[in-house]
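Participant: Residues or ranges marked as divalent metal cation binding site in Swiss-Prot: Asp28, Glu30, Asp290, Asp380. The phosphoserine annotation in Swiss-Prot covers Ser560, Ser614, Ser643. Swiss-Prot lists 606-660 with the feature region 'Disordered'. According to Swiss-Prot, the site 'Interaction with poly(A)' annotation covers Lys324.
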Amino acid sequence: MEVTRQNFKEVLPEVCNAVQEADFISIDGEFTGISDGPSVSALTNGLDTPEERYTKLRKHSMNFLLFQFGVCTFRYDQNQSTYITKAFNFYIFPKPFSRTSPDIKFICQSSSIDFLASQGFDFNKVFRSGIPYLNQEEECQLREQYEERRGQMNGAGPVSYTPPSGTGVCNVPEDQREFIRSVEEKVEALLKNTDQTLDLEPCTGFQRKLIYQTLNSKYSKGLHVEALETEKKERFIQISKVDDEERRRREQQKQQREQEELNDAVGFSRVIRAISKSGKLVVGHNMLLDVMHTIHQFCGPLPEELDDFKEVAMTVFPRLLDTKLMASTQPFKEIIHNTSLAELHKQLRQKPFRPPTTECPEGLQSYDTSTEQLHEAGYDAFITGLCFISMANYLGSFLTPPKSHISARSKLLEPFYNKLFLMRVIDIPYLNMSGPDLQPKRDHVLYVTFPKEWKTSDLYQLFSAFGNIQVSWVDDTSAFVSLSQTEQVQIAMNTSRYAESYRIQTYAEYLQSRQKNTHSSRKWASDGWADTSYPSVAMTTASGYSHTDNWHQAVKRSISPSLDEQNHGADSSWTNYSVKKIKTEGSCTQTYADVAGSCDWPRLQADEGGASVSPVAEEAELDEFSANQSQGKRSRKHKKRKSDASETTPPALFDVPQVW
């Protein structure tokens, strides 16, 4: 169903009910662009740390506008073995609510706009009929404006001037006294004749304040004063003769109108709050940008630090699942060879997967997957949910006896919760939203700085004696170079000691230099370095999320051998994480390599001397696939000891702990 400003108020209750009834919710967003500076390859460097990737996206992607948001709710009908789906396609545009409301500025990227236009995107519908929104800070400011205005009407005094003490009459500036005198004369005439209302000429906001103050102090009873707007959007004062009861009634009506106006201004943010308040599983595809934009646009400014962002994100969306990451992990990675949304949907309609049966209630627009309305946010959210169901049900085939339906609340899905796919990062497959991120070994990586004129071929020439290498550009004058063997690092460092045109650092030295730069931008407190404080955002308990803390390349080359070939002695509690060769054609901007591997699924372990742990009561036994590997569920401390012990194993490109 298409939702615009014209039908949003009517559809909102249905959206909220669908969210409350859903087993899970899938989302998708369309943006006016991706990067305002770096190329996509520089924005998504293969050796970014999670902190670096977050900082880049926060700095270079948040000035674009999320202007179409898709929501699809899925509720499983046990009797019919069918999913009831309700898809909503929201057009969003930050139309200023009033002269004092935020006037949002955003940027567009021509390639993104051109692509959406080629897909039939209706830009007119966005700009003419887009649903407005306010984040929580903006909503609080608007409420304060209403309270201030109401206080001025009741004689509390305006901001720009102060009534003299004890007189009860406001202090009118000399240049406005003639204007106020003429208003008083017109009011006196109104009180003497039979007219019921008086419309004054349009005037400035300051003059309207003076009128409110003067009439409130001089005529405390018998008059109702209200600011209205002409067809030309000009504001004027209307004065009406009323008794006390009528005045109270009109004041109540005005407050109700203001509350409705405020709700209209909050707009689409109410949908996000409903989803957040529900606590339901939120599913997306390659959803890091979707989550960042959603929080930034509808909740509040993104914190500077990654850990603060994780805390905020987990407050807004307690459970997230990324289908791109799910498709890239065991047991799917050996079957699924292309994890783009369209291709993933096609592959999951074939054996060994089974597409789910869905049904759309009468009166709601349903999507036909045969028409492939890709890059319409509502449709993309719909097929993202279908992909999730197909993969979740496939996990049921590993149970004994096999189950054809796996609930969105099943513990079989817990390994995939709150892990968002990291695009093109070679050795860190996901961003762990609910815990510390993986820290791969990068002893074989060098950081090279060089003149701006250098090309990728120059770097390959420089390191030609070291065999296969991989180049990951950072910017125009620096890049990471991954060597095939760690032992070669010292040789490269010694060789470059007296070089004048370039400089080489180990990856550890590179990190140290970045930390020094970070310290230099921090303040010195009495107890040491202190981060610059991040402004807190007022959070209302009425919303679904309340956060009281601070709101926070270019020739064909292959990387090192897979971990299977390098780390035969790895501990059993660690996974076999394979790495596919990454090939590039032409310039680095044409590199499109997804890490096609992740943690083996499933691998359960039991407490020492205890029974094996079943995922859920109805899914009591794992089949032979997992039973042969199952040794019981260990405590977190025990897992940490295993993690530390693994460092004594032969060096690998990276080590990925299992997610169970």
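Cβ coordinates are placed from backbone N, Cα and C, and glycine is handled just like the others.
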Participant: For the recorded divalent metal cation site, whose residues are Asp28, Glu30, Asp290, Asp380, find every other residue on that chain with a C-beta no more than 8 angstroms from the centre of their C-beta atoms, and list them by sequence position.
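Facilitator: Neighbours within 8 Å of the Cβ centroid, excluding Asp28, Glu30, Asp290, Asp380: Ile27, Gly29, Gln68, Phe69, Gly70, Gly284, His285, Ala377, Ala381.
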Participant: Counting every protein chain present, what is the number of Cβ atoms, excluding its own, within 10 Å of the Cβ of Glu30 (divalent metal cation binding site)?
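Facilitator: Neighbour count, Cβ to Cβ under the 10 Å cut-off: 24.
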Participant: If one measures from the C-alpha of Lys324 (site 'Interaction with poly(A)') to the C-alpha of Asp380 (divalent metal cation binding site), what distance in angstrom results, rounded to a whole number?
Facilitator: 13
Participant: Within a 10 Å radius of its Cβ, which of these binding-site residues (Asp28, Asp290, Asp380) has the fewest neighbouring Cβ atoms?
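Facilitator: If we count Cβ atoms within 10 Å for the binding-site residues Asp28, Asp290, Asp380, the smallest count is at Asp290.
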